[in-house]
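Taken verbatim from TrEMBL:
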- 45-293: domain 'G-protein coupled receptors family 1 profile' (DOMAIN)
- 29-53: transmembrane segment (TRANSMEM)
- 65-87: transmembrane segment (TRANSMEM)
- 107-125: transmembrane segment (TRANSMEM)
- 145-163: transmembrane segment (TRANSMEM)
- 208-231: transmembrane segment (TRANSMEM)
- 243-265: transmembrane segment (TRANSMEM)
- 277-295: transmembrane segment (TRANSMEM)
Amino acid sequence: MRKTKNTSLDTVVTDFILLGLAHPPNLRILLFLVFFIIYILTQLGNLLILLTVWSDPKLHARPMYILLGVLSFLDMWLSSVIVPRLILNFTPASKAISFGGCVAQLYAFHFLGSTQCFLYTLMAYDRYLAICQPLRYPMLMNGRLCTILVAGAWVAGSIHGSIQATLTFRLPYCGPNQVDYFICDIPAVLRLACADTTMNELVTFVDIGVVAASCFMLILLSYANIVHAILKIRTTDGRRRAFSTCGSHLTVVTVYYVPCIFIYLRAGSKSPLDGAVAVFYTVVTPLLNPLIYTLRNQEVKFALKRITTGR
């Protein structure tokens, strides 16, 4: 059990200092450019996917592409919550963030991140129905049901973000105020609390770690059934294309889930690797999603061609 820090509770923290990612000073400009380019490419790539799905009648009426459009929307906002603040770490600008700003960032991060977690699970379930239950797919997954499921994911994500932000900031913070991380996130902020955080760490373990691990296992189960169905495809080319698509999807899901599980199932850890690991699911995954789900998808590529040629 964590004990209360020996610090006067009369002192109230009004802002936090985000220390950011540890880096050699001579690489500051290079890292600034790298993350700036990643942010621009992430926004442009996901905006292109979103506009393509929205403008093509053949795509926005199908559940698979409704989910893909929502994923792109989430990626744009998630990247905007994380990366600009991360980029500031490589500039002379102030690293301070107000107490309210820290609350808002933690809420937004967990709201968007958990919604994305549920969305990945829905996308895997959609692919399972399409490949393993092709005749019943139009009845089991239609546009109306897909919209209801997406709305449920948003509501669940909002509840999750509210719970985590409330539990984290109900604790007293009386100094120090330096967050050894690049954003306001639960493990890093809790280390500054002037109270026992055992209950918070338990809730974090259950509400984030276990839920994320459960979603990941459901995704793996869906793809295991998909692989079993693919093996029944008689043509070699059909099997190769199906395996290639599933492999790409599993790659991006693994890049998202494994670092997330690594961090939140070890909520009390102070590993210096946590920041580097978190970059994968907060920065890299939103960049990879438009590449993975576009380059491997012929229908999206044809839709892009129709839009660019004005047809």
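First residue shown is number 1, and so on along the chain.
Yeah, the Cβs are placed from backbone N, Cα and C, and that goes for glycine too.
Annotations in TrEMBL come from automatic prediction, not curation.
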Dominant neighbour of the transmembrane segment (145-163) in 29-53, 107-125, 208-231, 243-265, 277-295, by Cβ pairs under 8 Å: 107-125
Stretch of maximal Cβ-Cβ contact with the transmembrane segment (65-87) [cut-off: under 8 Å; candidates 208-231, 243-265, 277-295]: 277-295
